[in-house]
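Asks: The following feature annotations were taken from TrEMBL:
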BINDING   Asp63, His199, Ser201, Glu356  Mg(2+) binding site
BINDING   Asp63, Asp368, His372, Asp409, His410, His484  Zn(2+) binding site
ACT_SITE  Ser138  active site, phosphoserine intermediate
REGION    254-274  region 'Disordered'
Amino acid sequence: SWVEIAMLDPWGCTWRLPALLSPPDAEKTRGYWNKGARRRLELALALQPEAQRAKNIILFMGDGMGLSTMSAARIYKGQLAGGSGEESVLAMETFPHMALAKVSGAVLGGTLLLALLETPLHRSCFQTYTIDRQVPDSAGTGTAYLCGVKANAKTLGLSGAAVYGKCRTTFGNEVDSVLHRARLAGKSVGIVTTTRVQHASPGAAYAHSASRGWYADANMPKEALRDGCKDIAYQLVHNTDINVILGGGRMYMTPRQTPDPEYPEDPDQNGTRRDGRDLIAEWLSAKQGARYVWDKKGLDAVEDDSVSHLMGLFEPKDMRYELNRNTSTDPSIVEMTEKAVRILRRNPNGFFLFVEDDHVPCAGGRIDHGHHSGRAKQALMEAVMLDRAVARAGELTSPTDTLTVVTADHSHVFTFGGSTPRGNSIFGLAPKKAKDKRAYTSILYGNGPGYSIRDGARPAASLPAAEDKDYRQQAAVPLETETHSGEDVVVLAQGPMAHLFHGVQEQHYIAHAMAYAACLEPYATEPGCRAARRASRGTQCSPQPLLTLLALCMAALIVRA
């Protein structure tokens, strides 16, 4: 009997795809593979571009979630479910359209961009380099995929004319994000992240800063303050009217020595602001129907239809890794995503939601953080959780009016190999020893804190130590933190205009494709946008209106006969 996975096509139809066949010996038959390929071929033949405009957009960004991380997370997901893992399928992998984002290459001009928007191809690759770096950081990439322009590393929401750390180069070089443009167009907007909400990736959605590290005024040099630049936390509250803000970062919002509500006895968690401003109180006073919460209990108590604005800050800095999370006090990325969607979807004009999970501790989301620290299990669990959030969002929305995009800002020097057998634990050992006669794990890093020499040799990897959530996989080059890598990253898309994600593209194309799909500036007057605005103001229709109309016509003909 087939074990199947459900996949939604752009029309909301469910297809059943074979993911596994029992008994295992069935894989040895040609029929197993032929039948599975035929089912997939039927789906591919039925796939057509969905040319209507998107009412809603959800952008999921796995910080540091390169292709090797996705592949390893797929196996880990299957092994968590009790399978061998290789045959598992991530929810994001069921999306019918795919592209790759380049980390290096030439910049596209506007004319070529419009031509690409009209080209009905279905595979893309996106390049993630920044103007000044071959291998990017999360600030420069965030500015690209959210604001639509390539920028310099470590700068947020600014064009390439701005110089890192130079406040005065901010003014006149600001660029607006798709989130900001969506709010100006009357849509509700939200941010969900497992990092601090002032971090580089979510910060690019609302801030204009010559330094990604200017979280609060206490983190800024006196010269920048004197020249009139504002910290990122201040801009979070004052730049864009964001309806839902969920993540970490409490300490940057309150005055110095303000006790943290969760850790009141720990002075290291106190507020850090030197200007004496309570930005949470300012935000609440400026919004009607606004709520602020700081733990899971408070989040669960929020009625979806009772608030227009919700801010939830669940840690002083970044939120905890999923494997370290206190499930009674801290919400998961899945729970935060669900709460955000339920609130935002009440707007008849639609919504834009940015969801980030970082996989490493000093750079971005918790995927990014896990990799930077050389702890692969932490990173892969975060990737699995992001995928669960993708699946939950899909259950709460419809591909007929919601464009869902999943991508990464960059990759990592993370890999797995070693000729491991089918079903080998993704965190397990390679079957043969290395030339030094010592065991090694399948997962390895090109550089990072996992480098170790003891008594003149590499220590042998062993079980069960390698399966521990805090185990650091070995690295070839000693560094305090593991680095990003420069290869292209994948973009997966489902819903209206998802076919725009195709080929090998520059990373800033993502913002333009999303803006075009939702009739946001600078594409608000493109063909089809006026009709899309009328439809969003009208009553919601059946996901299959043509079929309904056809049925009525057939019924009329039968009556006449």
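Every residue gets a Cβ built from N, Cα and C, even glycine.
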Asks: Between Glu356 (Mg(2+) binding site) and Asp409 (Zn(2+) binding site), how far is it from one CA atom to the other, in Å?
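Replies: So the Cα of Asp409 (Zn(2+) binding site) lies 10 Å away from that of Glu356 (Mg(2+) binding site).
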Asks: Within 10 Å of His410 (Zn(2+) binding site) (Cα-Cα), which of the recorded positions Asp63, Ser138, His199, Ser201?
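Replies: Matched recorded positions: Asp63, Ser138, sequence order.
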Asks: In whole Å, how far does the CA atom of Asp63 (Mg(2+) binding site) lie from that of His372 (Zn(2+) binding site)?
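Replies: Cα of Asp63 (Mg(2+) binding site) to Cα of His372 (Zn(2+) binding site) measures 11 Å after rounding.
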Asks: If you draw a 10 Å sphere on the Cβ of Ser201 (Mg(2+) binding site), how many other Cβ atoms land inside?
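Replies: For Ser201 (Mg(2+) binding site), the count of other Cβ atoms within 10 Å is 29.
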Asks: Just the number: how many Å between the Cα atoms of His372 (Zn(2+) binding site) and the residue listed as 'active site, phosphoserine intermediate'?
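Replies: A Cα-Cα distance of 13 Å.
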Asks: Taking only the Cα atoms, work out how far the residue listed as 'active site, phosphoserine intermediate' lies from His484 (Zn(2+) binding site), in Å, as a whole number.
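Replies: Between the alpha carbons of the residue listed as 'active site, phosphoserine intermediate' and His484 (Zn(2+) binding site) there are 10 Å.
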Asks: Can you grab the distance from His199 (Mg(2+) binding site) over to His484 (Zn(2+) binding site)? Cα atoms, rounded to a whole Å.
Replies: 17
Asks: Within a 10 Å radius around the Cβ, which one of these binding-site residues has the most neighbouring Cβ atoms: His199, His372, His484?
Replies: His199
Asks: How big is the gap, in Å, between the Cα of Asp409 (Zn(2+) binding site) and that of Ser201 (Mg(2+) binding site), rounded to a whole number?
Replies: 8
Asks: About how far apart, in whole Å, are the alpha carbons (Cα) of His484 (Zn(2+) binding site) and Ser201 (Mg(2+) binding site)?
Replies: 15
Asks: Given a 10 Å Cβ-Cβ cut-off, pick out the one of the recorded positions Asp63, Ser138, Glu356 that has the most other Cβ atoms nearby.
Replies: Asp63
